[in-house]
Amino acid sequence: MTSERYNARDSEPRWQAAWDEKAIFVSKNDDSRPKYYVLEMFPYPSGRIHIGHVRNYTLGDVLARFMRAKGFNVLHPMGWDAFGLPAENAAIERKVAPKAWTYDNIAAMKKQLRSIGLSLDWSREIATCDPSYYKHQQKMFLDFLRAGLAEREKRKVNWDPVDMTVLANEQVIDGKGWRSGAIVEQREMNQWVFKITKYSQELLSALDTLDRWPDKVRLMQRNWIGRSEGLLVRFALDQATTPAGESELKIFTTRPDTLFGAKFMAISADHPLATAAAAKDPKLAEFIAEIKKIGTAQEIIDTAEKQGFDTGIRAIHPFDPSWKLPVYVANFVLMEYGTGAIFGCPAHDQRDLDFVNKYNLGNTPVVCPEGQDPKSFVITDTAYDGDGRMINSRFLDGMTIEQAKDEVAKRLESELRGNAPVGERQVNFRLRDWGISRQRYWGCPIPVIHCPTCDVVPVPDADLPVKLPDDATFDKPGNALDHHPTWKHVTCPQCGGKAQRETDTMDTFVDSSWYFARFTDPWNENAPTTPAVANRMLPIDQYIGGVEHAILHLLYSRFFTRAMKATGHVALDEPFAGMFTQGMVVHETYQKADGSYVQPAEVKIELGGNGRRATLLTTGEDIQIGAIEKMSKSKKNTVDPDDIIETYGADVARWFMLSDSPPDRDVIWSDERVQGASRFVQRLWRLVNDSVELGKAAPAARPASFGADATALRKAAHGALDKVTTEIERLHFNVCLAHIREFTNAFSEVLQRPGQPAADLAWAIREASQILVQLFSPMMPHLAEECWQVLGQKGLVSEANWPQIERDLLVEDSVTLVVQVNGKKRGEVTVATAAQNPEIEAAVLALDAVKLALDGKPVRKVIIVPKRIVNVVG
């Protein structure tokens, strides 16, 4: 038995260098083998990787190594999502240029990623801040512009007053900027937008084809796209109360059945009718100015107190000319959704009910639950939004909701006002066009020029890329490109007159919406993609990343791929065939008595009579053990990957990340379990070394036959191989590791038997050791390479083909059945797999436990559930 410990610090850099020297992870575009494209979402170069990165990239690496061993041409690239605000903040705070800060961070993080032992094709490395990348992004912007998929429009935007930039609705969290945390304001600005709404229905319908995506992600996208079927209704306005020139108010509703429960109309502060009314009412104008400050995001609207201002305007009910409804300007109605106007039916909408209760407008229920007396059915503080029959609705009374919807639609469609129907069935989507303009320096410049004579002029393709100036300064708030003395001043390419560059840069989500396509041929200097190559390598077979990107990044990428198809860059619609969302790495939090957090490395944990106790290492003071939460710098519950790799090695970190819980769930960091992973590494190392000694008696050729011991070991080895193969393909990595541990235990028991093994068993030991090393090689590649050499194998295990499963060995000779008497378990019986029912029955009835349970009673019948249970009924 070997007494030498496995030395990860010596082994891991050596094997990483060997992989690089042989370039075994470099994918060739002309490789004739079937392709497999695995990609983890590329990181932002913040300066250091965190432990979540280790988990994310290890998951993808296991799959990449496995598929390479299975004979695929694996594309497994890496790059950097390198534009963004932190670089500008660093420029301001640390007086360092964003470019220098970013590339220094890339170098540091690349070194860290290499230390994990990832099988990455670094020859395809890209950084989105490099002109060689964003040149092609600018080219596609111009292609989209020509195709009508990009345009400039004036629109209400979410303005972050701290970062001084526009935010998409998705980037506003609880009314605050997603990076700065500042309260978001509403402003009207010229914005460049991508016309994602042209694909609303297609993006929605295609979700049904993505059967290798998590259901929760598809549901989130469905909800965000937000398809709704309803009725556009034209309410006439009472001319005696309405500003000149206004005659009707259009609303879109998904509940036309509730029209007879209407108590008010509400319009957005940006609605033309509100503007017209405010022109003659200073108090209304003041109210509108106040509510505009809260922003345009739905999250803000939902949490704000419901406020309204009665304009004095009255709308006429479409089924009763004498019924007039007050028109309010309300802070919960957005111009961007529907028509910017609603009718309020408070009895059946909680928001509307809260509003009428505040302004004493009353409510009339028009849908009554089945079985309830309509006369006694009232609404007070809780709206009823369930099913039922129509009441208080004149000609609709007694109908179901769906019948009433259809009846209202038919009547209003047949009624004309000014040659147009009063009602029209429509489909609406919640999805809005993607505003990409950002008032920031460190982003991809938008390649257009503003000329006072020619208006907006695209930068000629020959002049791309439009590069960022390296000498920008950040001593003023706002966009450094605006402040630059020369960069924005140019000559118009059409008329030759003085003009200015667009100083907005693109939303960084644009950068990450097509990088996966660039990876297929990053050497093409003339076009974003080489279509023949991209069409062969795409879609990505397995994409891996956090669920926090389920809406923004994934939806934008799906749109971008369609836009690239429309402009000739790719030939597919969906970029990601398979999507996997990994869980987070979480950790306990630790706090002093004053509430301040301390790092795990500063805490000593002891087990006592009252459970776990934590103390501060430096002072011995008691520390409160808090909740298990997502790792964050603010709560100091982070673990530095470098420390773990330095102490235990990368393979231990990788094994722990894979073994503790299913990969789609959070994994709780545990020093004890990390130490357990380290012990398992040493155990494998000893086991492989021991197997070499015991395998020396093995004949060079495979024996013609195997005895019982050798057959049992071979069954265990090939059974483990079959299970691990299946579970890797299912991405059930924690289950794979459990099977490897199970086989390790069985193999260890064989190796510990006294004496020298017979020749056939020695051959089986040698085979089993090779299979074992290959089983854990995707998870612990450095240890596997070291063991591969110990076994005397040629080449690298990273180049070896995956072992072939001998399926004859998977057939069990016997099966163990649970034995019951009158439904209660009395024991077990093992019989031949091929045994017939009479043989099974005889074996069961011969058991002493069965005879004792029957206590002399006659057997009435024996029920046999094949390969599971035998129940004796007495």
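The backbone N, Cα and C atoms fix where each Cβ goes, glycine too.
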Any idea which of 110-114, 630-634, 640-644 is down as motif ''KMSKS' region' in Swiss-Prot?
630-634
Inside 10 Å of the Cβ of K633 (ATP binding site), count up the other Cβ atoms and send me the figure.
9
Using a Cβ cut-off of under 8 Å, list the residues of the same chain at least 6 residues beyond the motif ''KMSKS' region' (630-634) that approach it.
50-52, 584-587, 597, 666, 669
Within-chain partners of the motif ''HIGH' region' (43-53) [C-beta distance under 8 Å, separation at least 6 from its ends]:
80-82, 84, 86, 102, 104-106, 108-109, 112-113, 127, 546, 584-585, 631, 638-642, 644, 669
